[in-house]
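Participant: Below you will find the structure I want to go over with you.
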Amino acid sequence: MKADLNLYLVTARYEETEEVFLQKIEEACENGMTLVQLREKELTTCAYYELAKKVKQVTDRYQIPLIIDDRADICLAVDAAGVHIGDDELPTAVTRKIIGDKILGVSVKSVAQAKKVEAAGADYLGVGAIFPTTTKVTTKATSLETLQQITQQVSIPVVAIGGITEERIAEFEHTGIQGIAVVSEIMQAKNIGQKVRQMKDKFAQLEGD
Ligand code: TZP
């Protein structure tokens with residue numbers, strides 16, 4: 001896979017202007033984010049496309065791959081690095097056909113799902129929500145134990161997501177994850193640059209397996 005999943009920013013907008021939103025992404029990129037996902041659920045196709053072009057200008061400046069949430073068409077339209085899909089999207093194998101060798105990430109909550117999407121062509125897995133989060137309405141949390149079972153039973157990289165704060169990073173010790181995906185802890189940080197650097201340091205201190 002052509003991406004470093006270490007510290008993965010998943011975006012959310014909090015009623016700020018578009019300019020401020022783009023500045024936040026830029027500050028995160030400048031300070032060590034390794035991957036960015038543009039995640040939009042409410043925008044029209046046209047608005048999603050326009051925003052994706054602008055975000056890609058930012059990520060391109062730092063040579064950080066941009067992943068588009070849910071939309072293979074927008075990924076191809078802006079020549080992003082890849083797509084991230086969940087349960088409600090096209091099946092993994094179909095998305096793989098559409099995007100060719102671009103990066104394909106898939107959200108899963110169980111070992112069975114993880115094995116299935118790995119076989120269908122996923123490049124990496126997003127597992128969560130691990131901790132309580134207000135960013136996404138999730139039916140059921142995924143335990144750290146399930147996370148560890150997934151990392152042990154698939155050979156593609158796994159990133160954890162959901163309620164991840166700087167303080168909670170230590171809880172991922174020995175889970176075998178390749179990275180953490182974060183929304184609010186970074187997008188709502190008072191000092192985004194400092195938050196990114198501190199989270200990266202904390203993650204680097206983990207033992208891994
Ligand atoms: N998928 C599972 S939890 C989640 C997504 C997109 C939201 C994570 O947001 P936060 O603010 O990092 O808890």
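Note that Cβ sites are derived from N, Cα and C of the backbone, with glycine treated the same way.
This is the feature table in TrEMBL:
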BINDING   Gln37, Leu38, Arg39, Glu40, Lys41, Asp69, Ser107, Lys136  4-amino-2-methyl-5-(diphosphooxymethyl)pyrimidine binding site
BINDING   Asp70, Glu89  Mg(2+) binding site
DOMAIN    7-186  domain 'Thiamine phosphate synthase/TenI'
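Let's see these features in context: how buried, what's close, how far.
Facilitator: Glu40 (4-amino-2-methyl-5-(diphosphooxymethyl)pyrimidine binding site) has a Cβ environment of 19 other Cβ atoms inside 10 Å.
Mapped onto three states, the DSSP output places Asp70 (Mg(2+) binding site) in coil.
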Participant: Across the domain 'Thiamine phosphate synthase/TenI' (7-186), what is the average pLDDT of the model, as a whole number?
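Facilitator: Mean per-residue confidence for the domain 'Thiamine phosphate synthase/TenI' (7-186): 96 out of 100.
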Participant: Hey, how far is Glu89 (Mg(2+) binding site) from Lys136 (4-amino-2-methyl-5-(diphosphooxymethyl)pyrimidine binding site), Cα to Cα, in Å?
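Facilitator: Here the two Cα atoms lie 16 Å apart.
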Participant: How many Å separate the Cα atoms of Arg39 (4-amino-2-methyl-5-(diphosphooxymethyl)pyrimidine binding site) and Asp70 (Mg(2+) binding site)?
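Facilitator: Computed Cα spacing between Arg39 (4-amino-2-methyl-5-(diphosphooxymethyl)pyrimidine binding site) and Asp70 (Mg(2+) binding site) is 8 Å.
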Participant: Do any of the binding-site residues Gln37, Leu38, Glu89 touch ligand 1, in the sense that the CB is under 6 Å from one of its atoms?
Facilitator: none
